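**Q** Not my notes, these are from Swiss-Prot:
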TOPO_DOM  1-7  topological domain 'Cytoplasmic'
TRANSMEM  8-28  transmembrane segment
TOPO_DOM  29-44  topological domain 'Extracellular'
TRANSMEM  45-65  transmembrane segment
TOPO_DOM  66-69  topological domain 'Cytoplasmic'
TRANSMEM  70-90  transmembrane segment
TOPO_DOM  91-210  topological domain 'Extracellular'
CARBOHYD  Asn96  N-linked glycosylation site
CARBOHYD  Asn109  N-linked glycosylation site
CARBOHYD  Asn141  N-linked glycosylation site
TRANSMEM  211-231  transmembrane segment
TOPO_DOM  232-248  topological domain 'Cytoplasmic'
Amino acid sequence: MSEVRTGFLTMTTIILISIGLTMMGTGLYQKTTMSSCIRETSSQFTLLGLLLLLIPQIGLYGICCRSKRLFNFFFYGMVVLIIIVSYYSIKCSIYNTTFGIAKNPAKDNRTVPQLLGRLVSKEKFEKVTYCIIHKHDCNYNASKNSNVWKYCCAQPVGCGTITMFDKPGEWSWKHQYERNQVPEECSYEYCLDCRGCQLSILKAIVHQWKYLSMFAYPALVLSCISLAIAWSLKETIHENEDYRGSYS
């Protein structure tokens, strides 16, 4: 029976390691390729991936080496991991259920002041907006899961072919073209003050938590299963000392 439980524990730890590796790889990749203002992942995402990568590995070593000490480190490490993953899972659930913004932010009946301060601080919102303004960070990858491109960076209706920078048909923020003389309603600051734009920025910030929940929920379930199996095996793990002896 203990062999079966050991097999299940090995499988769950391998899956947890795979989730952690995926999270770390995704976080590091997006850090180099995605917008520095709005990302799907954050430092918390990468940190959680690192914990999921390291702690289950201790369990694998403990099982393979029949090491009581390593297995105890794994057991208490999983307790800490479950507490951390539970915290993020609860936070993800709160964001996803109470902070949903319409797919088309411009049609959301709520105003930005109504939403600021509850789950997204005013400082966080202003920091992201400030980042967009000063880095002109409106490339497609900056907002592939939000409408920031559509509601903040696209040319406003009625502005014709006049653009913020001298490149017909689009606004380019990655290259500093010679600035055109544009009407006030076509200015970048004007667009960032639009409700649809502001709500789309909020939606992009909250999307980080929706993306994290895709990994946090299954990681929490598997961590609880691993801990339960580890508890049942805790007293059966003993170091194999058969190889230790003396030669005559």
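Glycine is treated like the rest: Cβ placed from N, Cα and C.
What you see is a predicted model, and the numbers here were worked out from it, not measured in a lab.
A description of the local structural setting of each listed feature is requested, covering burial, neighbours and distances.
**A** Note: the topological domain 'Cytoplasmic' (1-7) comprises 6 helix, 0 strand, 1 coil (DSSP; helix = H, G, I, strand = E, B).
Proximity of distant same-chain residues to the transmembrane segment (8-28), defined by a Cβ-Cβ separation under 8 Å and at least 6 residues beyond the stretch ends, is recorded for 41-42, 45-46, 48-57, 59-60, 63, 215, 218-219, 222-223, 225-226, 229-230, 233.
On the 0 to 100 pLDDT scale, the model's mean across the topological domain 'Extracellular' (29-44) is 69.
Distant neighbours of the transmembrane segment (70-90): 44, 48, 51-52, 55-56, 58-59, 61-63, 212-213, 216-217, 219-220, 223-224, 226-227, 230-231, 233-234, 237; these residues of the same chain sit at least 6 beyond its ends, with a Cβ under 8 Å from one of its Cβ atoms.
Secondary structure from DSSP puts Asn96 (N-linked glycosylation site) in a helix.
According to DSSP, Asn109 (N-linked glycosylation site) is assigned to coil rather than to any helix or strand.
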**Q** Looking at the glycosylation sites Asn96, Asn109, which sits with the largest number of other Cβ atoms within 10 Å of its Cβ?
**A** Asn96
**Q** What's the CA-CA gap between Asn109 (N-linked glycosylation site) and Asn96 (N-linked glycosylation site) in angstrom, rounded?
**A** 18
**Q** Near the transmembrane segment (45-65), which residues from the same chain, at least 6 beyond its ends, have a CB less than 8 A from one of its CBs?
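**A** Same-chain contacts beyond the ends: 6, 9-10, 12-14, 16-17, 19-28, 31, 71-74, 77-78, 80-81, 84-85, 88, 208, 211-212, 215-216, 219, 226, 230, 237, 239.
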**Q** Can you break down the topological domain 'Cytoplasmic' (66-69) into helix, strand and coil residue counts using DSSP?
**A** 2 helix, 0 strand, 2 coil
